[in-house]
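Enquirer: Before I ask anything, let me first share the structure, which is written out below as structure tokens.
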Amino acid sequence: MNADDEICRVCRCEGAPDSPLFHPCKCTGSIRYVHQECLVEWLGHSKKTHCELCKAKFEFTKVYSESMPRTIPFTILCRKLASTLKQRVIFFTRVLLTFFCWTVLLPLIFKHVWNLNFKIGDTYTIHARNKTFTAPQKPGYFESISQITSSPRLNTLIANTAEGQVLTFVVTFILITAFLVREWVLQNAVQVADELQGQQFENVNQNNQAQAAAAAAQNLREVREARQRLAMVMEHLRERQEQRNLELQRNGSFEEIERARQRFALLGDNIREPQEEENDVDVDEIFNRQQLNQPALDLNDANSSNSVPVEFNSLHSQNVDYRDEVDSLRPQFNVDEQSSISHSSNASENIVDGAVTQANGIESDFTRVDHEPIIVNNDDENGNNESENEEVIEEDNLNRNVIAEAQNQVVADEERNAVARAAQIAEADDADDFDGILEFLGLRGPITGFLQNCLVIAFVVSVFLTTAVGIPYMSGRLMVEWILFIIHRPTFILRFILSFVNILFDWTVGGAFNIVKILTKLPLLSTVFVKLKLQGIFSSSFQQVSNNMYSWIYDHVFSSSDHAYESLIYYMKTGHKQVVQSFSIFPVFRVCQMFAVILKDFVENYSNRPVDRVFTTLIGYCMFTFLGISYLNRKQFLFNDPQIRNVELAFREVLRQCGSIAKFGIIFSIELVVFPIFCGILLSMCLIGTFKKLAAENLLNVMTVYPAQSIFLAWFIGITFMFEFAVFISMVRKIVRPGVLYFLRDPNDPQFHPIREILEKPMLFQLKKIGFSAILYFAFIIGCVGSVIHLLKSTGIIFPIEFTTKPAVFEAPIDLLALEILIFLSIKLFKPLELTRSFWRTLVSTFCRCLRLSSYVMGQRYSDEEGYYPKQYFSFLRRIISKPSDTENQDDGDKQKAKKDFVQDGFFLWCPSKDVVPVRQGAMLIPVTENGYEIFGEKKKVEENADYTITYAPSNFYKRLIALLLFCWICSTLVTVLLVFVPLSLGRAIYAWCFPNVVKHDFYAYAIGFYSISFPMYAIHASVKFLKLDYLRSLMNKLNLKIVMRSLVMALKYLLLAFLGIFILPLLLGAIWELYVAIPFRTIFNRGTLALDAFQNWVIGLFMLRMIYFTVTSNEERFVSRLFQDAFRDRWTNPQILPLLKNVLIPFTSALIAAVVLPSVFTYVTYPFLSSIFPSASKTLMYRLMHPIFLALLGLALLGRRFVETSSKWSQGIRDDLYLVGTRLHNFGESAPPAISESAEK
């Protein structure tokens, strides 16, 4: 087939009368033409409308039926309109139903289930049953919502719906979070288990090294035996090949046979050489070398011109047998097979040329003999068949090209179809996911399925609320009620005990009394009782005797001790008060007394308050947690049935997973919620007195009245402080030597896994760690922050800071605009992060030089720090001033003298050199000699470890470290105070001079003072740097008239752009805001005199211009964004500002001017006519309302245009649905008619 033949690019077939070929794009060659059916099918797979190669858009023309009328009948339009309206009504009704179910019905159900759980817990308890009156419940936390309407029931419904929505959101968030945390925990738990198994495996390997060595020796012996067997097999193969070569000598030349024998001999060398080498040769290397060096039979004679193909099938079959024998040696050593067979066109060309060569370079000729016939040349038939061979070769080449092209086309079609199938499957998955979401929401699918989903969700959430809140609350309520009952009713318990004792006493002593009373009536015993004067006692009943005894004890015992009892009570009360007053000076005692008061208030006022319910629910969770831990610690099963044991095992696994999730949630909540709140409260306490109205009483009142807002503010302050502290620690890590902060975990450590650590470590260890961190943060905040603030407050110079929001200093938000610009310039010019890092690096290195800690802290060892000069009292100043290399440049005499006066002291430390070293108790800082021998203990040499290094440590090492921290803190505190005091004092003076009648505002004062100092300092620094680098002289040498003119033109361009961007455009945008928005609203609500503030409009215009700029330049593919990029690409040499002005700024400015001027001009021209129509409207009112009227008319015009477009599309859709027959593809460059009929197409 010729290259010019027209075939389809997809199906590779020619055109037909019923299926012609088209060239719809710019592509040429074999992919120029395509069938319309193939193209439509491909476009359906790819979801594209243009060619992927030339990006040309495919053009189709719609083909309509012959019976299509010119205009659609009105009845059809009405039916379609009714059908469309019906579908829209059904759809919007369904939307309203789903909206009602999701936002009203389900939240109300959840709210009632929530209230029902608490009502059951409050009803079926002892304390609640004893209540005779229950106060009516308030609407909840949504009191403002519950007062919207005048109907109480409707207000209650609205409040319950709002609370239910919040409850729904919280429950959904908790469920999703619990699911994600569970997956996260299980994933990390699996990794932990795998690592533990790996560690156990390593331990087993370490304990069984002898067995591993024996196994290695056995493998080595097997390798040697395999090597010997391989050599025997290859020797046998060589003998058989020599026999075959004798047969080949009859048909080939001796040189070719000798060449083949030499190649085959290389294999024997490769087999013999490894036997002579060491025993650690890999078996894989032997087999690979065997495959790479197998001989190739090349029986070709350059002088011969005729060749007859001869196939050696017998040779191949025998060699395959021996190859199988060689392969049988391999499986136990896992040797990779590398032999392959190539069938490429290059191999075919080698066959035609008369040579049998390797196609891929790594295959054996023995396995390739049956695929590639060996060509043996014949000199006798040299010139007879030369022309025939050339024809055969040419025909063979054509056939190979056709076959190769067909194979390539098949491969390309398969790849194209695979890509299309993959894209179709991915798109179908996305569509299914989207359809599933819509069906779940109720917008698609059967309505019964949606209602079923709602019922299932309501049931699941109700069960969750009952399980997670109701049952713990009821259980905790019962426990708390019983405890409070015992506390409230101690006399009841005593009465119960006394009644039990009384019954027992009556039963025993009364029975004995009656028996003795009977015995007294006997003749013999009556005389004995008369002599003992006991007959009168037994003459009465037991009840009378016991009552007389009780009255006698009370009269003779308690009456005499009343005075002593009253004295004891009086002294106990007075002593208690004195003890409380004496111990109240201690803060710990006051905290305990505060908690005692809170506990007393809780005990006395326990009811159904929110705080009580939270506490009760926590008590219930604690009880269930205790029961669950007790059950998991039980080593035996509760049941003996195997099936029940399986259920019990599953229940245990669920409890373990819940325990892991609860443990992670508790630790995570403490570290990210409770701990920041704790830090925020401490910082708030430290800031008491810094502001004018910030006192302890006010802070406590605010936290009491607004608890949620106060907790959030404390959390925000605390988390910000912790983040800044973490950034500071990260900066210190970059300054000091690696390994100094080994005791602080590095978050960037790849071996640090906080989640796995939470799962591995016990709960008590985690709580101890958090408590230790809390103590450190408490000490740091109180000691380093609170102490400084307290000292500054005692001076009365800076504090209290005056800050107010009413009245505003500026009517226009110029302060916000200035703050944004100044902060941006400050960050760009001053680079605060680099400046802070440089300050701390200088500070730490300077104090390390003073304290001789440079080797340990900074990793820089200096000889002058390893001792001292006895007669020099201020040697630290000498170390600061002098350079470390000064001692090396001294003369020999000076060095000897310095060495003679220098006294070495201190020692060396074996310390970590990385921050990720595992901490070992008592083995991190080991005193050693310079050579690495321990000073104390066994005095052995420490083991070499890349994670440790030797540094110098002076005498009093730990005291010097404490002094380093103390000096750094003092210097940083002084610098911070100066950065606050100096700008604030200067700013207050400038602010009072500029705004004498305005309320004091220290925020503005500090900003004015800071930038009044910093910008001049930066200008001086930049000027010195500019002069030092000699920029002026180099610039003056390059100046000429052309450069000056170019610079002036560029300056004029920038001035024009700045004038437009800073003055013209902001003023126009501010005027549009004022004329179209502000003035109409003021006119409607206030008909007084209105005045335009140009400054305020300019500020508002600047904000609007910035928003417009960021909106149009957010997408880099837009035309405006590309113009801005091109304009400022070469901003200092050749800025392209004119295209930007021509295409963007001038049209935009003209549109703004027209929007400002045209309504006023129209009002001026049409005022006589308008005044006759609206005689009551004044001229001023018309001018004020004309701009919004123009805006409304423009909006109506846009809506009308949109309505016309929608109507046209709708009628076109009806036409397509009723009369469309098909489409016809157009060739590239043809003008496509709008539509054709079916007869015209034919």
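The backbone N, Cα and C atoms fix where each Cβ goes, and this holds for glycine too.
So Swiss-Prot lists the following for this protein:
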| type | residues | note |
| --- | --- | --- |
| BINDING | C8, C11, H35, C38 | Zn(2+) 1 binding site |
| BINDING | C25, C27, C51, C54 | Zn(2+) 2 binding site |
| MOD_RES | S253 | phosphoserine |
| TOPO_DOM | 1-89 | topological domain 'Cytoplasmic' |
| TOPO_DOM | 111-165 | topological domain 'Lumenal' |
| TOPO_DOM | 187-453 | topological domain 'Cytoplasmic' |
| TOPO_DOM | 475-495 | topological domain 'Lumenal' |
| TOPO_DOM | 517-578 | topological domain 'Cytoplasmic' |
| TOPO_DOM | 600-612 | topological domain 'Lumenal' |
| TOPO_DOM | 634-663 | topological domain 'Cytoplasmic' |
| TOPO_DOM | 685-710 | topological domain 'Lumenal' |
| TOPO_DOM | 732-771 | topological domain 'Cytoplasmic' |
| TOPO_DOM | 793-806 | topological domain 'Lumenal' |
| TOPO_DOM | 828-961 | topological domain 'Cytoplasmic' |
| TOPO_DOM | 983-1002 | topological domain 'Lumenal' |
| TOPO_DOM | 1024-1054 | topological domain 'Cytoplasmic' |
| TOPO_DOM | 1076-1089 | topological domain 'Lumenal' |
| TOPO_DOM | 1111-1143 | topological domain 'Cytoplasmic' |
| TOPO_DOM | 1165-1179 | topological domain 'Lumenal' |
| TOPO_DOM | 1201-1242 | topological domain 'Cytoplasmic' |
| TRANSMEM | 90-110 | transmembrane segment |
| TRANSMEM | 454-474 | transmembrane segment |
| TRANSMEM | 579-599 | transmembrane segment |
| TRANSMEM | 613-633 | transmembrane segment |
| TRANSMEM | 664-684 | transmembrane segment |
| TRANSMEM | 711-731 | transmembrane segment |
| TRANSMEM | 772-792 | transmembrane segment |
| TRANSMEM | 807-827 | transmembrane segment |
| TRANSMEM | 1003-1023 | transmembrane segment |
| TRANSMEM | 1055-1075 | transmembrane segment |
| TRANSMEM | 1090-1110 | transmembrane segment |
| TRANSMEM | 1180-1200 | transmembrane segment |
| ZN_FING | 1-61 | zinc finger |
Enquirer: Quick check: in three-state DSSP terms, what is C38 (Zn(2+) 1 binding site)?
Expert: helix
Enquirer: What does DSSP give as the helix, strand and coil breakdown of the topological domain 'Lumenal' (685-710)?
Expert: 16 helix, 1 strand, 9 coil
Enquirer: What does DSSP call C11 (Zn(2+) 1 binding site) in the simple three-state scheme?
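Expert: In three-state terms, C11 (Zn(2+) 1 binding site) counts as coil.
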Enquirer: Which sequence-distant residues neighbour the topological domain 'Lumenal' (685-710)? Criterion: at least 6 residues beyond either end, Cβ under 8 Å.
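Expert: Answer is 781-782, 785-786, 789-790, 793, 799-803.
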Enquirer: May I have the list of same-chain residues other than C8, C11, H35, C38 whose Cβ is within 8 Å of the Cβ centroid of the recorded Zn(2+) 1 site, in sequence order?
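Expert: Result: R9, V10, R12, C13, S19, L21, V34, E37, L39.
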Enquirer: Measuring Cα to Cα, how far is C25 (Zn(2+) 2 binding site) from C38 (Zn(2+) 1 binding site) in Å?
Expert: 15
Enquirer: Taking C11, C25, C38, C51 as the binding-site residues to compare, which has the smallest set of other Cβ atoms within 10 Å?
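Expert: Candidates: the binding-site residues C11, C25, C38, C51. Fewest Cβ atoms within 10 Å: C11.
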Enquirer: Which has the fewest other CB atoms in a 10 Å radius around its CB: C27, H35, the listed binding-site residues?
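Expert: It is C27 that, of the binding-site residues C27, H35, has the fewest other Cβ atoms within 10 Å.
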Enquirer: Among the binding-site residues C8, C54, which residue has the fewest other Cβ atoms within 10 Å of its own Cβ?
Expert: C54
Enquirer: Of the binding-site residues listed here (C27, C51, C54), which is spatially closest to C8 (Zn(2+) 1 binding site) when Cα positions are compared?
Expert: C27
Enquirer: In Å, rounded, how far does the Cα of H35 (Zn(2+) 1 binding site) sit from the Cα of C27 (Zn(2+) 2 binding site)?
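Expert: Per the Cα atoms, H35 (Zn(2+) 1 binding site) and C27 (Zn(2+) 2 binding site) stand 14 Å apart.
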Enquirer: Quick check on the topological domain 'Cytoplasmic' (732-771): DSSP residue counts for helix, strand, coil, in that order please.
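Expert: Here the numbers are 20 helix, 0 strand, 20 coil.
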Enquirer: Translate the DSSP assignment of C27 (Zn(2+) 2 binding site) into the three-state scheme.
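Expert: Note: C27 (Zn(2+) 2 binding site) is coil by DSSP, not helix or strand.
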Enquirer: Please identify, among the binding-site residues C27, C51, C54, the one with the smallest Cα-Cα distance to C38 (Zn(2+) 1 binding site).
Expert: C51
Enquirer: Counting CB pairs under 8 Å, which listed stretch among 90-110, 454-474, 772-792, 1055-1075, 1180-1200 touches the transmembrane segment (1090-1110) the most?
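Expert: When the Cβ pairs under 8 Å are tallied, 1055-1075 comes out ahead.
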Enquirer: Same chain, outside the topological domain 'Cytoplasmic' (634-663) by at least 6, Cβ under 8 Å from its Cβ: which residues?
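Expert: For the topological domain 'Cytoplasmic' (634-663), the nonlocal Cβ contacts are 178, 181-182, 185-186, 189, 625, 628, 758-759, 763, 766.
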Enquirer: For C51 (Zn(2+) 2 binding site), which of the three DSSP-derived states applies: helix, strand, or coil?
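Expert: Looking at the DSSP assignment, C51 (Zn(2+) 2 binding site) belongs to neither helix nor strand, so coil.
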Enquirer: Under DSSP, the topological domain 'Lumenal' (983-1002) has how many residues in helix, strand and coil?
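Expert: The breakdown for the topological domain 'Lumenal' (983-1002) reads 13 helix, 0 strand, 7 coil.
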Enquirer: Within the topological domain 'Cytoplasmic' (634-663), how many residues are helix, strand or coil going by DSSP?
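Expert: Summed over the topological domain 'Cytoplasmic' (634-663), the classes give 22 helix, 0 strand, 8 coil.
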